[in-house]
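Q: Checked TrEMBL, it gives:
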BINDING   Asp40, Asp73, Tyr76, His240  Fe cation 1 binding site
BINDING   Asp73, Asn111, His203, His238  Fe cation 2 binding site
DOMAIN    34-241  domain 'Calcineurin-like phosphoesterase'
SIGNAL    1-18  signal peptide
Amino acid sequence: MILPAVVAAAALLAPAEAELTVVEHPPKTEGSLNVLAVGDWGRRGQFNQTLVAEQMGLVGEKLGIDFVISTGDNIYDDGIANTSDPLFKECFTNIYTAQSLQTPWYIVLGNHDYTGNALAQQDPAIREVDSRYLSIAKSFIVNSDVADFFLVDTSPFYLKYWNSTKYDWRNVAPRDTYIETLLKDLDDALTVSEAPWKIVVGHHPISSACEHGNTTELQQLLRPILEARGVDMYVNGHDHCLQHISSSNSPVQFMTSGGGSKAWAGKFKTTSDKVEFIYDGQGFMSMQLSKTEAHLVFYDIAGNVLHTYDSTKPEDDEN
């Protein structure tokens, strides 16, 4: 599936102020931005993936979305073998068929993507199969006027994965250098960002009350940067649930949207942050942003509104 030229043009790469690649994606309507976020979805339509996709299409049409953010674990169980792997169409192209979803999908990799051919998802050849699938790089920035989205590759942080031979660590090793460079580039990019809203996206949770719980390595290495640089939200998947958690010591809001398919684990953890909402089931999240207002909504597979979050900024807030 190939996007119309006018949409594809919005995803052209632009020079980066920092080392991270920047994608310029101007919103369709000046001064406002509408986005969906979903994660942990690629199961060939099974485990209610198709029902989630249908509701995403309906909400996407209602909001006139600009793009979709994927929080990772895009193809189960082990990513794709290559760019012609039929799993790609079976998990993505054949499922998200609604007209409103024929828009760019900006994508981070999850741990299940790394147990396959991780580089294949960044290969330009995958966009010849479906041009919506914009896993531009392991980490990159989407600049969209009222918001900057910083997509961060979190799997290499997780020591448990690093010590396993089943992960595809090409272009990542040596780990310490990779993480140090990524954190510096992210810190630099956040520092120079002038967007009203700064939203960081990763696969793994920093703070979570669902099955996997807090990620120690991200608490230690990533969280301090988010808090120091005025990040508004961290959006993740990995935990197959929907949740909203408020930081106990900063304005950062932690949003989990990992309900794209298999869920209902029935396992919960504790976190020192404040749990505002938690739903151990399938669904997704929408984000409506202007320069002064943010309105987030969590939906289940029937399209029911489960939780909303609103935040405002003063007109003269220059971040």
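Just so you know, the numbers here start at 1 and follow the chain as drawn.
Glycine too: its Cβ is placed from the backbone N, Cα and C atoms.
Map the listed features onto the structure and describe their local environment.
A: Cβ contacts within 10 Å of Asp73 (Fe cation 1 binding site), excluding its own Cβ and spanning all protein chains shown: 28.
When pLDDT values are averaged over the domain 'Calcineurin-like phosphoesterase' (34-241), the model yields 97.
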Q: Between the Cα atoms of His238 (Fe cation 2 binding site) and Asp40 (Fe cation 1 binding site), what distance do you get, rounded to the nearest Å?
A: 6
Q: List the residues of the same chain that sit at least 6 positions away from His203 (Fe cation 2 binding site) in sequence and have their Cβ under 8 Å from its Cβ, in sequence order, or write 'none'.
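A: Within the chain, His203 (Fe cation 2 binding site) has Cβ neighbours under 8 Å at Gly39, Thr71, Gly72, Asp73, Val108, Leu109, Gly110, Asn111, Thr154, Ser155, Asn236, Gly237, His238.
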Q: Return the count of C-beta atoms lying within 10 angstroms of the C-beta of Tyr76 (Fe cation 1 binding site), excluding that atom itself.
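A: Tyr76 (Fe cation 1 binding site) is surrounded by 23 other Cβ atoms within 10 Å.
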Q: Using the CB centroid of Asp73, Asn111, His203, His238 as the Fe cation 2 site centre, which other residues of the same chain sit with their CB within 8 A?
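A: For the Fe cation 2 site, the extra neighbours are Gly39, Asp40, Thr71, Gly72, Leu109, Gly110, His112, Asp113, Thr154, Ser155, His204, Gly237, Gly258.
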